Amino acid sequence: MLVDGFGREVSGVRVSLTDRCNFDCVYCHNEGLGDTRGPMEPADNEMGTDDVVRFLEVVREFGVEKVKFTGGEPMLRQDLAEIIRRTPDGMETSLTTNGTFLPGRAEELRAAGLDRVNVSQDALDREAFAEITKAGAYDKVLEGVEAALDAGLDPVKLNMVVFDGTAEFIPEMVEHVGDNSGLRLQLIEYMPEIAGHPEWAIDIARVHEWLDERADRIEHREMHDRRRYWVDGGMVEIVDPVENETFCANCHRVRVTHEGYLKGCLNRNDDLRPMGEMSRDEIRTTFREVVDNRVPYYGEYMIRDGDGGWEVNEEYVGA
Ligand SMILES: Nc1nc2c(ncn2[C@@H]2O[C@H](COP(=O)(O)OP(=O)(O)OP(=O)(O)O)[C@@H](O)[C@H]2O)c(=O)[nH]1
Ligand SMILES: C[S@@+](CC[C@H](N)C(=O)[O-])C[C@H]1O[C@@H](n2cnc3c(N)ncnc32)[C@H](O)[C@@H]1O
Ligand code: SF4
Ligand code: SF4
């Protein structure tokens with residue numbers, strides 16, 4: 001496995017298959033690239049099926065163990081099942097989706113080799129859902145979650161972005177996963193770095209405290225040092241990357257944009273590297289370079305200024 005200059009092994013890759021989406025969530029960071037884009041017709045700037053598969057075959061040579069397909073909305077790709085089917089043996093395969101296309105397709109993805117899925121669901125409230133996603137597909141998402149469970153995808157994690165538009169729904173979401181075996185909840189701290197609107201953020205420490213008081217058991221995941229709480233039979237994980245040096249120190253993933261650029265950190269777009277024509281040699285060389293150059297965002301790329309805020313480390317300005 002390749003290791004970067006900060007001792008972080010690269011064990012996973014996150015492949016953005018498209019930046020198109022059928023939703024327009026108010027907070028969307030589009031995996032670090034900014035706003036998602038319509039229309040929903042296939043776009044010719046996206047990596048082709050063979051390119052994605054070749055990339056996965058090469059990183060498997062380097063011992064990468066996990067792949068996450070994301071986007072934009074990855075299920076807009078009609079070749080998703082083929083990509084999953086052709087993903088090298090031995091790689092855990094997961095998908096993060098808004099869930100609307102899972103009804104009728106979850107079985108096919110499971111049969112192709114998909115291990116598990118994360119479905120974004122910010123609220124159990126139709127109106128709040130419509131307001132956040134700018135889409136009226138609430139029932140489709142719930143159907144999508146059911147379809148994923150019925151297909152045997154395990155676990156099915158619900159991704160809920162915690163910000164001032166959703167915080168009030170946390171208790172019922174926690175109860176919801178406690179009542180439904182097979183479901184887990186990921187509370188994702190709102191990240192303003194790419195999406196803007198820092199005023200939407202809420203103090204994630206309060207959510208930790210709230211869960212801490214109710215949990216029967218608490219566990220730390222090695223990846224990102226994330227905390228998991230067991231509450232009334234349900235599992236709740238907090239994803240809290242904002243200004244969190246420990247999270248970044250335990251980051252083991254390299255990203256790929258839909259256009260085939262390697263990206264060492266979600267929050268940076270000054271380190272993108274194209275993989276050229278995507279030959280195996282070009283992929284190998286670029287992957288090595290990206291791993292060599294990746295640095296923890298908080299604690300290295302961003303450092304504390306004299307006033308307790310954050311500033312870009314001079315070493316990386318214009319690098
Ligand atoms: N800053 C930062 N945010 C991340 C990172 N990984 C996940 N996140 C946040 O969490 C969101 C949801 O991540 P998912 O794609 O569902 O996957 P995950 O929860 O990280 O991974 P699994 O638990 O393995 O399924 C991302 O879109 C980000 O907002 C990371 O490495 N850095
Ligand atoms: C960019 S979406 C791509 C996959 C798919 N379209 C979906 O929504 O699940 C991946 C995840 O990022 C989360 N996300 C998007 N913008 C965010 C932000 N500003 N802060 C925290 N999480 C965010 C979404 O809620 C979703 O769970
Ligand atoms: S569904 Fe996912 S990609 Fe689409 S706008 Fe919402 S968070 Fe962004
Ligand atoms: S270095 Fe930090 S901000 Fe960048 S992707 Fe890793 S955890 Fe996220």
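Cβ coordinates are placed from backbone N, Cα and C, and glycine is handled just like the others.
These features come from TrEMBL:
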type    : residues                                            : note
BINDING : ARG14, LYS68, THR96, LYS157, ARG253, VAL254, ARG255 : GTP binding site
BINDING : CYS21, CYS25, CYS28                                 : [4Fe-4S] cluster 1 binding site
BINDING : TYR27, GLY72, SER120                                : S-adenosyl-L-methionine binding site
BINDING : CYS248, CYS251, CYS265                              : [4Fe-4S] cluster 2 binding site
DOMAIN  : 5-232                                               : domain 'Radical SAM core'
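In terms of Cα spacing, the binding-site residues ARG14, GLY72, CYS248, CYS251, ARG255, CYS265 that come within 10 Å of CYS21 ([4Fe-4S] cluster 1 binding site) are GLY72. In space, CYS265 is the closest of the binding-site residues CYS25, TYR27, CYS28, SER120, CYS265 to ARG255 (GTP binding site), judged by Cα positions. Among the binding-site residues TYR27, CYS28, THR96, SER120, ARG255, the residues whose Cβ lies under 6 Å from any atom of ligand 2 are, in sequence order, TYR27, CYS28, THR96, SER120. DSSP assigns CYS248 ([4Fe-4S] cluster 2 binding site) to a helix.
The DSSP secondary structure for THR96 (GTP binding site) is strand. Under the three-state DSSP scheme, ARG14 (GTP binding site) falls in the strand class. It is 19 Å from the Cα atom of LYS157 (GTP binding site) to that of TYR27 (S-adenosyl-L-methionine binding site).
Rounded to the nearest whole angstrom, the C-alpha distance between SER120 (S-adenosyl-L-methionine binding site) and ARG253 (GTP binding site) is 20.
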